[in-house]
Amino acid sequence: MNNQSENYYHGAQFEALKSAGAIEMLGDGLTGDDLAAIPEHWLSYPAPPASAHTALALLYIFFTFAALVGNGMVIFIFSTTKSLRTSSNFLVLNLAILDFIMMAKAPIFIYNSAMRGFAVGTVGCQIFALMGAYSGIGAGMTNACIAYDRHSTITRPLDGRLSEGKVLLMVAFVWIYSTPWALLPLLKIWGRYVPEGYLTSCSFDYLTNTFDTKLFVACIFTCSYVFPMSLIIYFYSGIVKQVFAHEAALREQAKKMNVESLRANQGGSSESAEIRIAKAALTVCFLFVASWTPYGVMALIGAFGNQQLLTPGVTMIPAVACKAVACISPWVYAIRHPMYRQELQRRMPWLQIDEPDDTVSTATSNTTNSAPPAATA
């Protein structure tokens with residue numbers, strides 16, 4: 001931070017309050033590089049009460065436990081079970097690894113919250129933000145790759161299955177694509193990683209009022225949010241359109257044959273593929289929007305809008321949303337995979353999982369049933 005920044009922090013507007021000990025401000029007690037790393041915006045706010053830090057720490061402990069256990073089981077089962085090592089499931093495995101990384105950095109946040117501030121310093125901040133960049137951007141692009149895989153498999157059932165080599169190239173592409181956006185701020189070539197909110201978490205700088213910062217925010221928003229979101233919407237819209245058209249053709253043919261349905265397994269206990277795929281597509285889009293839209297909007301407001309809207313408490317909400325989705329994903333999707341549940345049932349009978357052998361689900365796992373787990377495991 002330059003001299004102007006330090007003068008701002010120690011300015012007359014806070015000196016009376018600080019000398020009287022009336023209000024503890026964010027950043028109090030920090031010096032040198034740690035103080036210089038904090039955007040001026042946060043230094044104008046009072047420190048949050050200890051109860052806020054405690055509540056967030058407890059919430060993150062719960063998220064961390066659920067995410068590490070859930071994603072850890074997905075990684076273990078999918079990587080050690082031969083029948084689950086299909087090309088499509090490599091993408092599910094990569095997504096679980098990224099979600100695991102997302103929450104593996106949570107102890108830094110929990111420690112900062114326990115110490116009520118920027119306790120880990122700049123080094124811990126850089127590690128936290130680097131892991132967040134790789135896991136966040138990588139998860140978005142992996143979701144886009146999964147959407148492409150599902151679209152290819154469902155719309156071209158005869159020749160749409162992706163080869164193992166192609167999927168591995170897609171996984172490599174995800175990590176290569178994420179690397180510049182993760183390393184450029186770390187090396188301070190373009191952008192930088194800074195504390196945010198209660199100074200217990202770190203992200204890329206979206207508050208410094210410079211052209212370089214604004215350009216970086218615009219580019220990373222486009223490449224890490226708009227691009228994968230557009231792909232996800234395009235591919236899942238294509239899936240829904242294809243399935244609805246197929247269902248309409250079946251109904252028309254059944255009408256011509258004067259039968260109620262051409263489906264052999266029609267019954268109240270079995271949802272049609274139309275409904276299953278529509279639900280999967282809607283849920284995938286919703287989770288991606290719910291997890292990253294708040295953060296994207298916050299970054300845009302910080303760079304181009306009214307920064308006064310971004311109070312420390314408000315900016316903690318997007319961070320919680322991202323962690324919640326990393327926690328929920330394995331439980332909502334991969335654990336619904338019939339073959340995955342059967343493997344859990346075999347290895348961990350004490351979980352009391354009741355998953356009967358379902359030959360229909362197994363046989364159709366390449367077309368409809370695999371869509372939900374591959375969406376955002």
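Backbone N, Cα and C atoms are what each Cβ position is placed from, and that goes for glycine too.
Database features (Swiss-Prot):
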- Cys125-Cys202: disulfide bond (DISULFID)
- Asn3: N-linked glycosylation site (CARBOHYD)
- 1-57: topological domain 'Extracellular' (TOPO_DOM)
- 79-89: topological domain 'Cytoplasmic' (TOPO_DOM)
- 111-126: topological domain 'Extracellular' (TOPO_DOM)
- 147-166: topological domain 'Cytoplasmic' (TOPO_DOM)
- 188-214: topological domain 'Extracellular' (TOPO_DOM)
- 236-283: topological domain 'Cytoplasmic' (TOPO_DOM)
- 305-314: topological domain 'Extracellular' (TOPO_DOM)
- 336-377: topological domain 'Cytoplasmic' (TOPO_DOM)
- 58-78: transmembrane segment (TRANSMEM)
- 90-110: transmembrane segment (TRANSMEM)
- 127-146: transmembrane segment (TRANSMEM)
- 167-187: transmembrane segment (TRANSMEM)
- 215-235: transmembrane segment (TRANSMEM)
- 284-304: transmembrane segment (TRANSMEM)
- 315-335: transmembrane segment (TRANSMEM)
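Ranking 90-110, 127-146, 167-187, 215-235, 315-335 by CB pairs under 8 A with the transmembrane segment (58-78) puts 90-110 at the top. Here the transmembrane segment (127-146) has long-range neighbours at 88, 91-92, 94-95, 98-99, 101-102, 104-105, 108-109, 120, 170-171, 173-175, 177-179, 181-183, 185-186, 193, 201-204, 223-225, 227-229, 231-232, 235, 284, 288, 292, 322, 326, 374-376, meaning same-chain residues at least 6 beyond its ends whose C-beta is under 8 angstroms from one of its own. Simply put, out of 167-187, 215-235, 284-304, 315-335, 315-335 has the most Cβ pairs sitting under 8 Å from the transmembrane segment (90-110).
When each of 167-187, 284-304, 315-335 is scored by its Cβ pairs under 8 Å to the transmembrane segment (215-235), the top-ranked stretch turns out to be 284-304.
Broken down by DSSP into helix, strand and coil, the topological domain 'Cytoplasmic' (79-89) contains 8 helix, 0 strand, 3 coil. Sequence-distant contacts of the topological domain 'Extracellular' (111-126), counting only residues of its own chain at least 6 positions beyond either end whose CB sits under 8 Å from a CB of the stretch, comprise 26-27, 29-30, 33-34, 37-38, 47, 50, 53-54, 56-57, 60, 186, 193-195, 198-202. Mean per-residue pLDDT, taken over the topological domain 'Cytoplasmic' (147-166), amounts to 84.
Sequence-distant neighbours of Cys202 (disulfide bond) (same chain, 6+ apart, CB under 8 A from its CB) are Cys125, Gln126, Phe128, Ala129, Gly132, Tyr193, Val194, Pro195, Glu196.
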